[in-house]
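Peer 1: Sharing the features that TrEMBL gives for it:
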BINDING   A:GLU205  ATP binding site
DOMAIN    A:3-120  domain 'IMP biosynthesis enzyme PurP N-terminal'
DOMAIN    A:151-332  domain 'IMP biosynthesis enzyme PurP C-terminal'
Amino acid sequence: MSIITLASHSSLQILHGAKKEGFQTEIVVDKKRQSFYKRFPFIDKFHVYSNEDEAVSLINNIQDSIFIPHGSLIEYIGMERVSKIRIPIFGNRSLFPWESNQEKKMKLLELSKIKTPTRFSDPEEVDRTVIVKLPGAKGGKGYFVARSKGEVKDGIRRLLDKGMVNDQREIIIQEYVIGIPMYFQFFYSPIFRRVELTGIDIRYETNIDGLKRLPSWISQEPSFVVAGNIPAVARESLLPAVFDYAESFVATTREVVPPGIIGPFCLESIVTENLDVIVFEFSGRIVAGTNLYIDGSPYSWLYWDEPMSVGRRISREIKLAKENNRTSEVTT
Amino acid sequence: MSIITLASHSSLQILHGAKKEGFQTEIVVDKKRQSFYKRFPFIDKFHVYSNEDEAVSLINNIQDSIFIPHGSLIEYIGMERVSKIRIPIFGNRSLFPWESNQEKKMKLLELSKIKTPTRFSDPEEVDRTVIVKLPGAKGGKGYFVARSKGEVKDGIRRLLDKGMVNDQREIIIQEYVIGIPMYFQFFYSPIFRRVELTGIDIRYETNIDGLKRLPSWISQEPSFVVAGNIPAVARESLLPAVFDYAESFVATTREVVPPGIIGPFCLESIVTENLDVIVFEFSGRIVAGTNLYIDGSPYSWLYWDEPMSVGRRISREIKLAKENNRTSEVTT
Amino acid sequence: MSIITLASHSSLQILHGAKKEGFQTEIVVDKKRQSFYKRFPFIDKFHVYSNEDEAVSLINNIQDSIFIPHGSLIEYIGMERVSKIRIPIFGNRSLFPWESNQEKKMKLLELSKIKTPTRFSDPEEVDRTVIVKLPGAKGGKGYFVARSKGEVKDGIRRLLDKGMVNDQREIIIQEYVIGIPMYFQFFYSPIFRRVELTGIDIRYETNIDGLKRLPSWISQEPSFVVAGNIPAVARESLLPAVFDYAESFVATTREVVPPGIIGPFCLESIVTENLDVIVFEFSGRIVAGTNLYIDGSPYSWLYWDEPMSVGRRISREIKLAKENNRTSEVTT
């Protein structure tokens, strides 16, 4: 049996972990990136594509395998094509459309009684500082901060002009919560019926995280493009609350988007000075911040007495499911 | 024999490490947090309290055990109650009152010939930019920066009005040293009679560490509430000086507060552009920044050929002490 | 056979790794720092010097050993003395003069078709914001940012007055690229004929990384003195491009400075908001940022199923070379 994923994002981690769990590993890779991935001996088989349609048909021709979706899958090949993947997917494929729609996404969080930033569906309603975001996982490209409805409208107009967005309704306008970002990475295990905290990270964004190093007399428009991640831990006293969030979120998805979250997800949060955790977004698949923890995170070591990346954790879950004839509980 | 601690702060690390060293592990936990701690299989026994008095009486009823104090112990149950703990404590309990008194605290550093920021006992004397701090380990809540005696007085008045402080004399006013924060985590081993560097961290504080991401046109009062920690290493050429500090500090405490520091302590420092290390505070117990290093830190690996968190290091010290009939050297 | 290095920079890592690979370890150490290094049991032998000339003669008298140069070697004992080291050096000693000359250094990058910041050889040509740097690895001391030719000239005059630089021609003036710093640490293995990514770090610089925590009303001249390092990972989609850079750089050095790069090197980069990687400097030896990864980095675990610091990786390469009678391929 083989584990297969699309090259990029966290594919090295996913396949490295799969190999450690004893699976055959296969990668579906853009021909331009093929030579890069050939460097890594834990990748057994290469399926090279020239265009996205070919990627899907390659995936569908791999026998006896499970496909692992990651945070860039939809950005790379598009929702339409993802829906054509016919081999088993680890996780809940019904969640994909929810993840691609900011309205529905925030709805799931709100139904879980998780604190979220105030949303404004109409720029006209904006009465405080907001952050304006584009749909899809474009790594923060085009995001901007605005302090008034006028600035929001001007910014949206620029995005439409540049063709970075097609329809104003795709845009999400959120209260800009003041505090520090923390990304809480979780894993829901149907096998153990438990939520595990697999790590915490901070995104390292260009150019915003460089601007603070500039002299104040240089005025430069900030951008929020994620280029990497930095590890962190949280105060232990924050953890009970974020675990409550995580479990409540798992329960909500089980009800609203059955069979609910399976495997990795991430609650993307701001921690305020009152130590409130405000979740402004979630990911329903493995996030790139887990790449920090190939040898385990400060939290994974609390569960596992061996190095356990999220990539490996996925394959461990599949292996345990297989051994117990419960594969249907972890794939869709 | 069992290792026991109070839930929160670094209790997961402490008990995870104790289990690895073969001890029975027990936690004294607020009933609201009980369900969170039940998730972790390395905690053998739960003592659930409804109020702080009950916490102390629960602790005192545990037979054949050693209690591990951490950085939040006094904040959680108060100095008065801590002094009523009758079972053996790992470390030097005589240090607790020193740690709770900013004057005495800075005195210990100064006696150790460690460079510290200039202190002002009277707001009237302030002649430069200062940081004003509240007593106790409240995670930085209420701290503020002021550039004149007037601003200091105004700020203190606000704190008194809000009831965040009872007596102006509890407040510490320190020169605001310009440089970068670095927290040097040490461990003094009476068994090996040596100081070990167990790690370095940077605090991740809300909202100050988020403000730098805000556009300059948003004006927002900074706060300094510790919400987490980020790992770091120091230039190797800084280490001889900080080890000299650490050893000198151990020697001072041995003389002034016998038997002196035992186990973990932290020198909380600013490194200036001249690479001077200025220590503005110390912790005499395990700090939360050690939670980064559950699987060992870049420094712990220089001493130990196995994963050695500070939590585990504590239990290792106790185990070695026990095996050599030297338990009295590590407990008070 | 023994592995020897000069105390400081990454010497603990180098010797810790050498010991793990089964070598005898020896350190050449300034007598003032001797007591610090005596703390570490993995250092077998001490050669204590009082002045730099003595350091070189001590090195030259050690039989059957290989000397490991690190990023501070030339700063500590000077190029002249380094050229007098007669025992085998791991790596390519012909690269040292190239590394000490900013012109030649940038030339090597440009020949490798690596994107670099625009350089200005004459302050008179400056037409944008630039960073002005001093020669040698002085940890960023004296660096400044200037927005016009006038500011550049004023700044250089101050450096000349303070004696921080002897000749204006030693100074490098580079376009100040806006983005976030990322230091890509590589290792070229002549034995495996491959480039490995050994880690990524961010420098932690005083006082610039502290200034962002200051209230905006405090005006303070920034300095860029490296005091430590923080770990990071990059988006996986950035890696193919930086590997292309790294391989092209290895090929260029092989041609221009034979036998080319051997062992660790670092591409010191800014990642822009377009996710372009702009390399503003390189190191041809082990950098201090590798000290983060004593137990392996998120990337080293992709190659090695055991903890592999760069220090250890060096000794592993030497060991493999020795076993295959290829020592001449890794030393000069």
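Glycine is treated like the rest: Cβ placed from N, Cα and C.
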Peer 1: So what's the mean pLDDT when you look at the domain 'IMP biosynthesis enzyme PurP C-terminal' (A:151-332)?
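Peer 2: That stretch averages a pLDDT of 94.
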Peer 1: Quick check on the domain 'IMP biosynthesis enzyme PurP N-terminal' (A:3-120): DSSP residue counts for helix, strand, coil, in that order please.
Peer 2: 47 helix, 25 strand, 46 coil
Peer 1: Under a criterion of Cβ-Cβ distance under 8 Å and sequence separation of at least 6, what residues of the same chain contact A:GLU205 (ATP binding site)?
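Peer 2: Result: A:GLY140, A:SER223, A:PHE224, A:VAL225, A:VAL226, A:ALA227.
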Peer 1: So, three-state DSSP: helix, strand or coil for the residue listed as 'ATP binding site'?
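Peer 2: SS state of the residue listed as 'ATP binding site' = strand.
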